[in-house]
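Q: Handing you a structure now.
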Amino acid sequence: MAEGKQGWTCLLVLICVCITVGTVIPVGYAFGVMNAPSAFIRSWIMESALVRYSSRLGDSQMTIMMSAVVSIFLIGGMLGAPFAPIFSARLGRRGILTLSGLLLLVSSICQLFCRMANSIEMLLLGRLIGGLAAALIYATQPMYLVELAPAELSGSVGVFTCIGLTGGIVLGQVFSFDFLLGTEKLWPYALSGSAIFVLIGLAPIFWFPIWCYSIEIFTQSGFTAAVAMWLNFALGLLNFISALLGPWLMRSFNRRLMMAISCLCSAIFLVLLVVGLELMSTIHEFSFACIAFLSLYIVTFNMGLGPIPYFIGSEIFETPSRPSAMALGSFFNWLANFVLNMIFPTLNSATGPFVFLLCVVFCAYGFLLTYRYLPETRNRDAKDVAQLMENGFKSKIK
(Lines of atoms letter the chains of each structure in order from A and count residues from 1; the text may use other names and numbers.)
(Lines give C-alpha, C1' and ligand atoms only; values in the text may rest on other atoms or scores of the structure.)
Protein backbone atom coordinates (compact mmCIF):
# COMPACT_ATOMS: atom_id res chain seq x y z
CA MET A 1 0.00 0.00 0.00
CA ALA A 2 1.29 3.44 -0.84
CA GLU A 3 2.33 5.28 2.31
CA GLY A 4 2.66 9.00 2.69
CA LYS A 5 0.26 9.69 -0.16
CA GLN A 6 -3.29 10.77 0.47
CA GLY A 7 -5.96 11.22 -2.17
CA TRP A 8 -5.73 10.89 -5.91
CA THR A 9 -2.44 11.65 -7.63
CA CYS A 10 -1.76 11.95 -11.37
CA LEU A 11 0.40 8.83 -11.27
CA LEU A 12 -2.28 6.79 -9.48
CA VAL A 13 -4.95 7.87 -11.98
CA LEU A 14 -2.63 7.07 -14.91
CA ILE A 15 -1.84 3.60 -13.55
CA CYS A 16 -5.52 2.82 -12.86
CA VAL A 17 -6.60 3.92 -16.34
CA CYS A 18 -3.78 2.24 -18.27
CA ILE A 19 -4.06 -1.09 -16.47
CA THR A 20 -7.84 -1.09 -16.80
CA VAL A 21 -7.66 -0.28 -20.52
CA GLY A 22 -4.98 -2.88 -21.21
CA THR A 23 -6.42 -5.76 -19.19
CA VAL A 24 -10.01 -5.45 -17.99
CA ILE A 25 -11.57 -3.71 -21.00
CA PRO A 26 -10.50 -6.58 -23.32
CA VAL A 27 -12.24 -9.03 -20.98
CA GLY A 28 -15.50 -7.06 -21.10
CA TYR A 29 -15.02 -6.72 -24.86
CA ALA A 30 -14.95 -10.52 -25.19
CA PHE A 31 -18.37 -10.71 -23.52
CA GLY A 32 -19.98 -7.89 -25.49
CA VAL A 33 -18.69 -8.68 -28.97
CA MET A 34 -20.22 -12.17 -29.32
CA ASN A 35 -23.86 -11.10 -29.32
CA ALA A 36 -24.55 -9.24 -32.57
CA PRO A 37 -22.51 -11.36 -35.06
CA SER A 38 -23.67 -14.68 -33.58
CA ALA A 39 -25.82 -15.44 -36.65
CA PHE A 40 -22.79 -15.09 -38.96
CA ILE A 41 -20.63 -17.18 -36.64
CA ARG A 42 -23.33 -19.83 -36.50
CA SER A 43 -23.55 -19.94 -40.31
CA TRP A 44 -19.76 -20.17 -40.64
CA ILE A 45 -19.56 -23.04 -38.13
CA MET A 46 -22.19 -24.99 -40.08
CA GLU A 47 -20.33 -24.40 -43.35
CA SER A 48 -16.94 -25.23 -41.84
CA ALA A 49 -18.20 -28.46 -40.27
CA LEU A 50 -19.68 -29.51 -43.60
CA VAL A 51 -16.52 -28.72 -45.60
CA ARG A 52 -13.92 -30.09 -43.19
CA TYR A 53 -15.76 -33.01 -41.59
CA SER A 54 -18.62 -33.68 -44.02
CA SER A 55 -20.94 -33.24 -41.05
CA ARG A 56 -24.25 -31.41 -41.28
CA LEU A 57 -25.13 -29.97 -37.86
CA GLY A 58 -28.77 -29.88 -36.75
CA ASP A 59 -30.42 -27.12 -34.72
CA SER A 60 -29.78 -28.79 -31.36
CA GLN A 61 -26.15 -29.47 -32.27
CA MET A 62 -25.69 -25.86 -33.36
CA THR A 63 -27.16 -24.63 -30.08
CA ILE A 64 -24.58 -26.73 -28.24
CA MET A 65 -21.78 -25.48 -30.50
CA MET A 66 -22.70 -21.82 -30.01
CA SER A 67 -22.96 -22.38 -26.25
CA ALA A 68 -19.51 -23.95 -26.40
CA VAL A 69 -18.06 -20.96 -28.29
CA VAL A 70 -19.46 -18.61 -25.66
CA SER A 71 -18.74 -20.78 -22.63
CA ILE A 72 -15.23 -21.97 -23.46
CA PHE A 73 -14.08 -18.47 -22.50
CA LEU A 74 -15.46 -19.22 -19.04
CA ILE A 75 -13.83 -22.66 -18.97
CA GLY A 76 -10.53 -20.88 -19.59
CA GLY A 77 -11.35 -18.67 -16.63
CA MET A 78 -11.92 -21.67 -14.37
CA LEU A 79 -8.69 -23.31 -15.54
CA GLY A 80 -6.65 -20.14 -15.09
CA ALA A 81 -7.93 -19.05 -11.67
CA PRO A 82 -6.03 -21.67 -9.59
CA PHE A 83 -2.73 -20.60 -11.21
CA ALA A 84 -3.14 -16.92 -10.30
CA PRO A 85 -1.52 -17.14 -6.83
CA ILE A 86 1.37 -19.25 -8.23
CA PHE A 87 2.14 -16.77 -11.01
CA SER A 88 1.58 -13.86 -8.65
CA ALA A 89 4.24 -15.17 -6.27
CA ARG A 90 6.77 -15.85 -9.05
CA LEU A 91 6.13 -12.99 -11.45
CA GLY A 92 4.73 -10.32 -9.16
CA ARG A 93 1.57 -8.30 -9.77
CA ARG A 94 2.97 -6.34 -12.71
CA GLY A 95 4.49 -9.44 -14.27
CA ILE A 96 1.24 -11.39 -14.18
CA LEU A 97 -0.66 -8.48 -15.77
CA THR A 98 1.95 -8.35 -18.54
CA LEU A 99 1.59 -12.11 -19.09
CA SER A 100 -2.18 -11.67 -19.25
CA GLY A 101 -1.80 -9.00 -21.91
CA LEU A 102 0.38 -11.29 -24.02
CA LEU A 103 -2.18 -14.10 -23.70
CA LEU A 104 -4.91 -11.69 -24.83
CA LEU A 105 -2.86 -10.84 -27.91
CA VAL A 106 -2.47 -14.55 -28.75
CA SER A 107 -6.21 -14.96 -28.25
CA SER A 108 -6.92 -12.11 -30.67
CA ILE A 109 -4.60 -13.57 -33.31
CA CYS A 110 -6.37 -16.95 -33.15
CA GLN A 111 -9.79 -15.34 -33.52
CA LEU A 112 -8.60 -13.06 -36.32
CA PHE A 113 -7.38 -15.91 -38.54
CA CYS A 114 -9.93 -18.63 -37.65
CA ARG A 115 -12.18 -17.84 -40.63
CA MET A 116 -9.26 -17.58 -43.02
CA ALA A 117 -8.01 -20.99 -41.84
CA ASN A 118 -11.58 -22.34 -41.82
CA SER A 119 -10.86 -23.70 -38.34
CA ILE A 120 -13.50 -23.92 -35.63
CA GLU A 121 -10.76 -25.22 -33.33
CA MET A 122 -8.79 -21.99 -33.75
CA LEU A 123 -11.82 -19.95 -32.69
CA LEU A 124 -12.32 -22.16 -29.63
CA LEU A 125 -8.61 -22.00 -28.79
CA GLY A 126 -8.62 -18.22 -29.00
CA ARG A 127 -11.61 -17.97 -26.69
CA LEU A 128 -10.02 -20.47 -24.27
CA ILE A 129 -6.74 -18.55 -24.09
CA GLY A 130 -8.69 -15.33 -23.59
CA GLY A 131 -10.45 -16.93 -20.62
CA LEU A 132 -7.11 -17.98 -19.11
CA ALA A 133 -5.90 -14.39 -19.35
CA ALA A 134 -9.14 -13.06 -17.91
CA ALA A 135 -8.84 -15.29 -14.84
CA LEU A 136 -5.36 -13.97 -14.09
CA ILE A 137 -6.61 -10.41 -14.58
CA TYR A 138 -9.64 -10.83 -12.31
CA ALA A 139 -7.45 -12.22 -9.52
CA THR A 140 -4.64 -9.68 -9.87
CA GLN A 141 -5.83 -6.31 -11.21
CA PRO A 142 -8.09 -5.33 -8.26
CA MET A 143 -5.48 -6.53 -5.77
CA TYR A 144 -2.70 -4.59 -7.51
CA LEU A 145 -4.64 -1.32 -7.55
CA VAL A 146 -5.81 -1.70 -3.94
CA GLU A 147 -2.21 -2.27 -2.80
CA LEU A 148 -1.01 0.82 -4.71
CA ALA A 149 -3.67 3.17 -3.35
CA PRO A 150 -3.98 4.71 0.13
CA ALA A 151 -6.47 3.00 2.43
CA GLU A 152 -9.23 5.59 1.97
CA LEU A 153 -9.18 5.01 -1.81
CA SER A 154 -9.11 1.20 -1.79
CA GLY A 155 -12.79 0.93 -2.69
CA SER A 156 -12.57 3.66 -5.33
CA VAL A 157 -9.69 2.03 -7.21
CA GLY A 158 -11.23 -1.42 -6.78
CA VAL A 159 -14.25 -0.26 -8.76
CA PHE A 160 -12.05 0.23 -11.85
CA THR A 161 -12.49 -3.50 -12.52
CA CYS A 162 -16.25 -3.10 -12.87
CA ILE A 163 -15.84 0.10 -14.91
CA GLY A 164 -13.43 -1.61 -17.28
CA LEU A 165 -15.66 -4.66 -17.63
CA THR A 166 -18.80 -2.66 -18.43
CA GLY A 167 -16.89 -0.28 -20.69
CA GLY A 168 -15.45 -3.25 -22.55
CA ILE A 169 -18.93 -4.71 -23.05
CA VAL A 170 -20.08 -1.43 -24.62
CA LEU A 171 -17.03 -1.27 -26.89
CA GLY A 172 -17.57 -4.87 -27.94
CA GLN A 173 -21.15 -4.05 -28.86
CA VAL A 174 -20.04 -0.99 -30.85
CA PHE A 175 -17.37 -2.87 -32.80
CA SER A 176 -19.87 -5.63 -33.66
CA PHE A 177 -22.51 -3.34 -35.16
CA ASP A 178 -23.43 -4.46 -38.67
CA PHE A 179 -22.31 -1.12 -40.13
CA LEU A 180 -18.82 -1.56 -38.60
CA LEU A 181 -17.28 -5.02 -38.17
CA GLY A 182 -20.33 -7.16 -37.42
CA THR A 183 -20.72 -8.45 -40.98
CA GLU A 184 -20.39 -11.85 -42.60
CA LYS A 185 -16.82 -11.17 -43.75
CA LEU A 186 -15.53 -8.88 -41.00
CA TRP A 187 -16.73 -10.59 -37.79
CA PRO A 188 -13.24 -12.09 -37.11
CA TYR A 189 -11.90 -8.53 -36.96
CA ALA A 190 -14.62 -7.67 -34.46
CA LEU A 191 -13.72 -10.64 -32.25
CA SER A 192 -10.02 -9.73 -32.31
CA GLY A 193 -10.55 -5.99 -31.75
CA SER A 194 -9.62 -6.26 -28.08
CA ALA A 195 -5.96 -6.35 -29.16
CA ILE A 196 -6.18 -2.59 -29.75
CA PHE A 197 -6.84 -1.94 -26.06
CA VAL A 198 -4.19 -4.42 -24.94
CA LEU A 199 -1.56 -2.61 -27.02
CA ILE A 200 -2.69 0.78 -25.71
CA GLY A 201 -2.58 -0.27 -22.08
CA LEU A 202 0.25 -2.82 -22.04
CA ALA A 203 3.25 -0.55 -22.69
CA PRO A 204 2.64 1.84 -19.74
CA ILE A 205 2.60 -1.15 -17.33
CA PHE A 206 6.38 -1.15 -17.47
CA TRP A 207 6.17 2.37 -16.18
CA PHE A 208 3.88 2.18 -13.46
CA PRO A 209 -22.36 -12.67 -18.05
CA ILE A 210 -27.22 -11.46 -19.37
CA TRP A 211 -24.85 -9.93 -22.07
CA CYS A 212 -24.39 -13.14 -24.06
CA TYR A 213 -28.11 -13.63 -24.70
CA SER A 214 -29.68 -10.16 -24.27
CA ILE A 215 -30.54 -9.73 -27.97
CA GLU A 216 -32.37 -13.06 -27.88
CA ILE A 217 -34.35 -11.85 -24.85
CA PHE A 218 -35.36 -8.66 -26.68
CA THR A 219 -36.43 -10.50 -29.84
CA GLN A 220 -38.55 -12.84 -27.73
CA SER A 221 -40.11 -9.71 -26.25
CA GLY A 222 -41.48 -8.77 -29.67
CA PHE A 223 -38.80 -6.34 -30.90
CA THR A 224 -37.19 -6.68 -34.31
CA ALA A 225 -33.57 -7.81 -34.56
CA ALA A 226 -32.41 -4.27 -35.47
CA VAL A 227 -34.27 -2.69 -32.54
CA ALA A 228 -33.02 -5.43 -30.22
CA MET A 229 -29.42 -4.67 -31.21
CA TRP A 230 -29.84 -0.99 -30.34
CA LEU A 231 -31.65 -1.79 -27.08
CA ASN A 232 -28.81 -4.13 -26.20
CA PHE A 233 -26.31 -1.33 -26.85
CA ALA A 234 -28.37 1.16 -24.82
CA LEU A 235 -28.42 -1.17 -21.82
CA GLY A 236 -24.69 -1.75 -22.19
CA LEU A 237 -24.15 2.01 -22.18
CA LEU A 238 -26.36 2.35 -19.10
CA ASN A 239 -24.35 -0.43 -17.47
CA PHE A 240 -21.12 1.49 -18.12
CA ILE A 241 -22.48 4.87 -17.00
CA SER A 242 -23.88 3.46 -13.76
CA ALA A 243 -20.54 1.72 -13.12
CA LEU A 244 -18.82 5.14 -13.32
CA LEU A 245 -20.66 6.07 -10.12
CA GLY A 246 -18.80 3.26 -8.34
CA PRO A 247 -15.75 5.20 -7.10
CA TRP A 248 -17.96 7.88 -5.53
CA LEU A 249 -20.34 5.32 -4.00
CA MET A 250 -17.52 3.22 -2.55
CA ARG A 251 -15.87 6.28 -1.02
CA SER A 252 -19.10 7.75 0.37
CA PHE A 253 -21.03 4.73 1.68
CA ASN A 254 -20.26 1.57 3.62
CA ARG A 255 -19.70 -1.66 1.69
CA ARG A 256 -22.26 -3.66 3.68
CA LEU A 257 -24.99 -1.06 3.12
CA MET A 258 -24.40 -0.85 -0.63
CA MET A 259 -24.18 -4.63 -1.00
CA ALA A 260 -27.39 -5.21 0.96
CA ILE A 261 -29.33 -2.55 -0.99
CA SER A 262 -27.98 -3.88 -4.28
CA CYS A 263 -28.97 -7.50 -3.52
CA LEU A 264 -32.43 -6.57 -2.30
CA CYS A 265 -33.29 -4.13 -5.10
CA SER A 266 -31.88 -6.44 -7.78
CA ALA A 267 -34.13 -9.24 -6.54
CA ILE A 268 -37.18 -6.94 -6.57
CA PHE A 269 -36.59 -5.69 -10.12
CA LEU A 270 -35.94 -9.22 -11.39
CA VAL A 271 -39.27 -10.35 -9.95
CA LEU A 272 -40.97 -7.41 -11.68
CA LEU A 273 -39.16 -8.35 -14.90
CA VAL A 274 -40.53 -11.90 -14.68
CA VAL A 275 -44.06 -10.56 -14.15
CA GLY A 276 -43.69 -8.14 -17.06
CA LEU A 277 -42.35 -10.80 -19.44
CA GLU A 278 -45.15 -13.18 -18.48
CA LEU A 279 -47.91 -10.59 -19.03
CA MET A 280 -46.37 -9.15 -22.18
CA SER A 281 -48.01 -11.74 -24.43
CA THR A 282 -51.45 -10.39 -23.49
CA ILE A 283 -50.58 -6.74 -22.81
CA HIS A 284 -48.05 -5.47 -25.35
CA GLU A 285 -47.30 -2.29 -23.37
CA PHE A 286 -45.53 -4.43 -20.78
CA SER A 287 -42.61 -4.78 -23.22
CA PHE A 288 -41.63 -1.20 -22.39
CA ALA A 289 -42.09 -1.87 -18.68
CA CYS A 290 -39.70 -4.80 -19.04
CA ILE A 291 -37.05 -2.48 -20.48
CA ALA A 292 -37.54 -0.18 -17.49
CA PHE A 293 -37.27 -3.06 -14.99
CA LEU A 294 -34.14 -4.39 -16.70
CA SER A 295 -32.61 -0.90 -16.68
CA LEU A 296 -33.33 -0.46 -12.97
CA TYR A 297 -31.86 -3.89 -12.29
CA ILE A 298 -28.64 -2.89 -14.06
CA VAL A 299 -28.37 0.34 -12.05
CA THR A 300 -28.95 -1.38 -8.70
CA PHE A 301 -26.62 -4.22 -9.67
CA ASN A 302 -23.80 -1.71 -10.21
CA MET A 303 -24.40 -0.20 -6.78
CA GLY A 304 -22.88 -3.23 -5.05
CA LEU A 305 -23.17 -6.64 -6.67
CA GLY A 306 -21.21 -5.45 -9.70
CA PRO A 307 -18.11 -3.76 -8.23
CA ILE A 308 -17.72 -5.00 -4.63
CA PRO A 309 -16.97 -8.71 -5.24
CA TYR A 310 -13.98 -7.77 -7.40
CA PHE A 311 -12.07 -6.01 -4.62
CA ILE A 312 -13.63 -7.05 -1.30
CA GLY A 313 -11.18 -9.97 -0.99
CA SER A 314 -8.28 -7.51 -1.09
CA GLU A 315 -9.77 -5.65 1.87
CA ILE A 316 -10.69 -8.73 3.93
CA PHE A 317 -7.54 -10.83 3.62
CA GLU A 318 -4.04 -9.89 4.69
CA THR A 319 -1.16 -9.88 2.18
CA PRO A 320 0.13 -13.49 2.56
CA SER A 321 -3.25 -15.13 1.89
CA ARG A 322 -4.63 -12.44 -0.43
CA PRO A 323 -3.56 -13.97 -3.81
CA SER A 324 -5.04 -17.38 -2.92
CA ALA A 325 -8.28 -15.83 -1.70
CA MET A 326 -8.65 -13.71 -4.83
CA ALA A 327 -7.91 -16.74 -7.03
CA LEU A 328 -10.53 -18.81 -5.20
CA GLY A 329 -13.12 -16.08 -5.65
CA SER A 330 -12.17 -15.76 -9.31
CA PHE A 331 -12.57 -19.52 -9.84
CA PHE A 332 -16.10 -19.64 -8.45
CA ASN A 333 -17.01 -16.51 -10.40
CA TRP A 334 -15.94 -18.22 -13.64
CA LEU A 335 -17.64 -21.47 -12.62
CA ALA A 336 -20.95 -19.71 -11.99
CA ASN A 337 -20.69 -17.83 -15.28
CA PHE A 338 -19.91 -21.03 -17.17
CA VAL A 339 -22.84 -22.94 -15.67
CA LEU A 340 -25.20 -20.02 -16.33
CA ASN A 341 -24.12 -19.63 -19.95
CA MET A 342 -24.47 -23.34 -20.62
CA ILE A 343 -27.88 -23.85 -19.01
CA PHE A 344 -29.56 -20.51 -19.77
CA PRO A 345 -30.71 -21.32 -23.34
CA THR A 346 -32.19 -24.64 -22.22
CA LEU A 347 -33.84 -23.21 -19.10
CA ASN A 348 -35.13 -20.24 -21.06
CA SER A 349 -36.76 -22.57 -23.59
CA ALA A 350 -38.23 -24.76 -20.85
CA THR A 351 -39.41 -22.16 -18.32
CA GLY A 352 -39.59 -18.88 -20.25
CA PRO A 353 -39.28 -15.74 -18.12
CA PHE A 354 -39.32 -17.78 -14.90
CA VAL A 355 -35.66 -18.56 -15.55
CA PHE A 356 -34.82 -15.23 -13.88
CA LEU A 357 -36.28 -16.48 -10.60
CA LEU A 358 -33.08 -18.48 -10.20
CA CYS A 359 -31.20 -15.17 -10.11
CA VAL A 360 -33.72 -13.84 -7.59
CA VAL A 361 -32.88 -16.73 -5.26
CA PHE A 362 -29.16 -15.94 -5.42
CA CYS A 363 -29.78 -12.21 -4.86
CA ALA A 364 -31.83 -13.02 -1.77
CA TYR A 365 -29.13 -15.40 -0.56
CA GLY A 366 -26.53 -12.69 -1.14
CA PHE A 367 -28.57 -10.29 0.99
CA LEU A 368 -28.69 -12.80 3.86
CA LEU A 369 -24.95 -13.51 3.63
CA THR A 370 -24.20 -9.79 3.62
CA TYR A 371 -26.38 -9.16 6.66
CA ARG A 372 -25.04 -12.15 8.58
CA TYR A 373 -21.35 -12.43 7.68
CA LEU A 374 -19.88 -9.61 5.58
CA PRO A 375 -17.73 -7.31 7.74
CA GLU A 376 -17.49 -3.60 7.02
CA THR A 377 -14.11 -2.93 5.38
CA ARG A 378 -14.38 0.76 4.49
CA ASN A 379 -11.50 2.76 6.03
CA ARG A 380 -10.32 -0.33 7.92
CA ASP A 381 -7.02 -2.16 7.80
CA ALA A 382 -7.09 -5.83 6.78
CA LYS A 383 -5.76 -6.82 10.23
CA ASP A 384 -8.74 -5.17 11.93
CA VAL A 385 -11.17 -6.85 9.55
CA ALA A 386 -9.55 -10.24 10.17
CA GLN A 387 -10.31 -9.94 13.89
CA LEU A 388 -14.01 -9.61 13.10
CA MET A 389 -13.91 -12.96 11.28
CA GLU A 390 -11.57 -14.91 13.53
CA ASN A 391 -14.36 -17.30 14.62
CA GLY A 392 -15.29 -18.28 11.07
CA PHE A 393 -18.99 -18.85 10.46
CA LYS A 394 -19.65 -18.24 14.16
CA SER A 395 -18.55 -14.64 13.71
CA LYS A 396 -21.84 -12.77 13.53
CA ILE A 397 -21.15 -9.34 12.09
CA LYS A 398 -23.08 -6.52 13.68
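In case you wondered, yes, glycine gets a Cβ from its N, Cα and C as well.
Feature list, courtesy of TrEMBL:
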{"type": "DOMAIN", "residues": "16-398", "note": "domain 'Major facilitator superfamily (MFS) profile'"}
{"type": "TRANSMEM", "residues": "12-41", "note": "transmembrane segment"}
{"type": "TRANSMEM", "residues": "62-84", "note": "transmembrane segment"}
{"type": "TRANSMEM", "residues": "125-145", "note": "transmembrane segment"}
{"type": "TRANSMEM", "residues": "157-177", "note": "transmembrane segment"}
{"type": "TRANSMEM", "residues": "189-211", "note": "transmembrane segment"}
{"type": "TRANSMEM", "residues": "223-245", "note": "transmembrane segment"}
{"type": "TRANSMEM", "residues": "257-280", "note": "transmembrane segment"}
{"type": "TRANSMEM", "residues": "286-312", "note": "transmembrane segment"}
{"type": "TRANSMEM", "residues": "324-344", "note": "transmembrane segment"}
{"type": "TRANSMEM", "residues": "350-374", "note": "transmembrane segment"}
Q: Counting only residues 6+ away from its ends, which parts of the chain sit with a Cβ under 8 Å from the transmembrane segment (257-280)?
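A: Distal contacts: 221-222, 249-250, 286-287, 289-290, 293-294, 296-297, 300-306, 308, 352-354, 356-357, 359-360, 363-364, 366-367, 370-371, 374.
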Q: For the transmembrane segment (324-344), which stretch among 62-84, 125-145, 157-177, 223-245, 350-374 has the most Cβ pairs under 8 A?
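A: Most Cβ pairs under 8 Å with the transmembrane segment (324-344) come from 62-84.
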Q: Can you work out which residues elsewhere in the same chain, 6+ from the ends of the transmembrane segment (62-84), have a Cβ less than 8 Å from its Cβ atoms?
A: 30-31, 34, 38, 41-42, 45-46, 96, 120, 123-124, 127-136, 138-140, 209, 212, 323, 326-328, 330-331, 333-335, 337-338, 341-342, 345
Q: Suppose I define contact as three or more CB-CB distances under 8 A, residues 6 or more apart in sequence; do the transmembrane segment (157-177) and the transmembrane segment (350-374) meet it?
A: no
Q: Which residues of the same chain, at least 6 past either end of the transmembrane segment (223-245), have a Cβ under 8 Å from a Cβ in it?
A: 32, 35-36, 159, 162-163, 165-167, 169-170, 173-174, 177-178, 211, 214-215, 287, 291, 294-295, 298-299, 302-303, 306-307
